Structures are given as structure tokens and as C-alpha cells.
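What follows is a single structure, written as C-alpha cells, with notes after it.
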């Protein structure tokens, strides 16, 4: 039992570190002129190729039960998860920073819960402690995000950075332009959060009509790659933008497709099968902290007191929300088991 728990912890830490690498590499590639939808197209195509062998090894018969209804849900799943959620995230990442963008990744569970409440697929009972903790967590996450966005305070000078120092020294200061980019980037990231929430809601429906782990991931990545290509054709008119060379852009799409979608997907699926869907989300704060430190250390992004306080509130809110949600799931499972025993 202890060995399995240690493996799960190591697996989730590895997933978070892979995510940090994706954020930093994507930020550098986007700042270098790579189009978000070019990146998504190649990234998802590589991910589909990586996951495809697992489909035929572990779920060989699942392709036979594909129907038009399943294809419709896969199309919607890819549209919300890849084209909208990932596209808006990359636009937000390009306008802001890797550290700031990672904050919004921690808001996805709360955003999903809020939209699920609006759609009446989720309930909030304020008479019980788990419901109160979920509400408190949501408020802390929203408050922390607003603090990071609006309140800066004194800058923390904890270390010196040399990477991109020359480029920063040569570029003239433009406070108004930086503020505009931050506002626009925040809007992109908010849209990405909403899209990811809708993606998870659609995915929940898709699992019910097509209970396949690998085929669902592979087909969603493949369809998402095709959708992103269509959108990218309208936005990127230069053929040279679609040509990948042996440079950082190629490393970014291969790293993202193989490790972030391939290896990370397998590790998360393994952990969920043993501990449930709440456990992996508990490690999101690791990537938030590591991304903030490395973004400042390597890319020269400034860290402010307001940002640190906001991150603390987001992390506290996320754990409060996950505790409330996890407790509700456990209580529901106990109630269901008790009811079955009484019927028997």
C-alpha cells in the first residue's frame, strides 16, 4: 500500500513537472512568433500518434461501437477542449506570462462546478460543511485571481536572471502596452477556463455513450488537430509558418504531444483508477509554484507581493473546494452502499 501511494505521488509530481516544461517552452515558442493554432495542430497530431498503439493493445474492439452520436460528442469534445480551451489559453499565455497563465489552470475545477450548477447538473448544499467549503474555495479562488490581476504592490527582487536579459534591455519600456496585453490576456485566459469547464462537462457525457479511455483520447486529439488546422488556415496565411525546422518550435510540439498528452495522460489515468478523479487535481499547486519560480528565474518575469498573496489564496481555495467535493463524493458512495445493503 505504501509503495503504491509513493508511486502515485511520484507520478503526479512528474505530471506537474511535465506541465511546467510545456508552459515555459510554449511561452518561448509563442514569443518567437509561432502561431497558437499551428502549435495545437501539430501537438494534437503527435498526441494521436502516440496514443494510437494503446488503442489497439488495450481496447481493440472499441472502434466497432463508434456511432454518429459518438462522433458528434467527440467533435464537440475536441472543439471545446482543443480549439477553444487550448487556443484561448495559448493566446492568453502569449499576452501575459507562464506564471500568470498557470493560475487559471487552477481555476478550472471551480469554473466547471459553477457552470455545472448553472446547467443544474451539480448541487450546492450550504447546510452541510462540504457545501460551505466548496463555496469558500470558489470565493477564495476568484478573489486570489482578482488580486493577482489587479494588485501588484512592491516587486520582489529575489534573484537575477540572464536569459533574455539582452532582449529586455534593448526593448523600450511601454507600461501602457504591457497593461493592455495583461487585460487582453486575462480575457483570453478567462475564456479558456470557461471552455475547459464545458470540455469536461461534454467529456462526462461522452464517457457515458462511449466508455473508452484510449480511443476517446486518440480520436479527440485527431479531430482537434483537424479542427485546429482549419482554423489555422484562416488565421495563418504564410506557408512558412506551417514549416517546422530543427529548432525550439519543433521541440515544443514534440515535447507537448509525447510527454504532456502521451505520458502524462497515461499516468493520470493510472492514478485516477486507484484513487479517483480528485487526487490528481490536488497537485496542481505544485506546477503553479514551480512555474512562477522558473518563469522569474529563466524568463525574467517580475514577481510582486500581490501576485504571491493571490497565489496563496488560489491554492487555499483550490484545496478547500477539492476537500468539499471529495467529501461529498465519499458521503454519496457511503449512502449508495448503505442503500444497496438495505435492499439486499
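Heads up, the Cβ atoms here are built off N, Cα and C, so glycines get one too.
According to TrEMBL, the protein has these features:
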type     : residues : note
DOMAIN   : 9-149    : domain 'EamA'
TRANSMEM : 41-58    : transmembrane segment
TRANSMEM : 70-91    : transmembrane segment
TRANSMEM : 103-121  : transmembrane segment
TRANSMEM : 182-202  : transmembrane segment
DOMAIN   : 185-321  : domain 'EamA'
TRANSMEM : 214-236  : transmembrane segment
TRANSMEM : 248-271  : transmembrane segment
TRANSMEM : 303-322  : transmembrane segment
Candidates 103-121, 182-202, 248-271, 303-322; stretch with most C-beta pairs under 8 Å toward the transmembrane segment (70-91): 182-202
Stretch among 41-58, 103-121, 182-202, 214-236, 303-322 sharing the most Cβ pairs under 8 Å with the transmembrane segment (248-271): 41-58
Contact between the transmembrane segment (103-121) and the transmembrane segment (303-322) (at least 3 Cβ pairs under 8 Å, separation 6+): yes
Best-contacting stretch, by C-beta pairs under 8 Å, relative to the transmembrane segment (41-58) and drawn from 182-202, 214-236, 303-322: 214-236
Tertiary contacts of the transmembrane segment (182-202), as residues 6+ beyond its ends and Cβ separation under 8 Å: 73, 76-77, 80-81, 84-86, 88-89, 91-96, 100-101, 104, 107-108, 111-112, 114-116, 119, 121, 149
Integer average pLDDT (0 to 100) for the domain 'EamA' (9-149): 88
DSSP residue counts for the domain 'EamA' (185-321), split into helix, strand and coil: 116 helix, 2 strand, 19 coil
Within the domain 'EamA' (9-149), residues counted as helix, strand or coil by DSSP: 118 helix, 0 strand, 23 coil
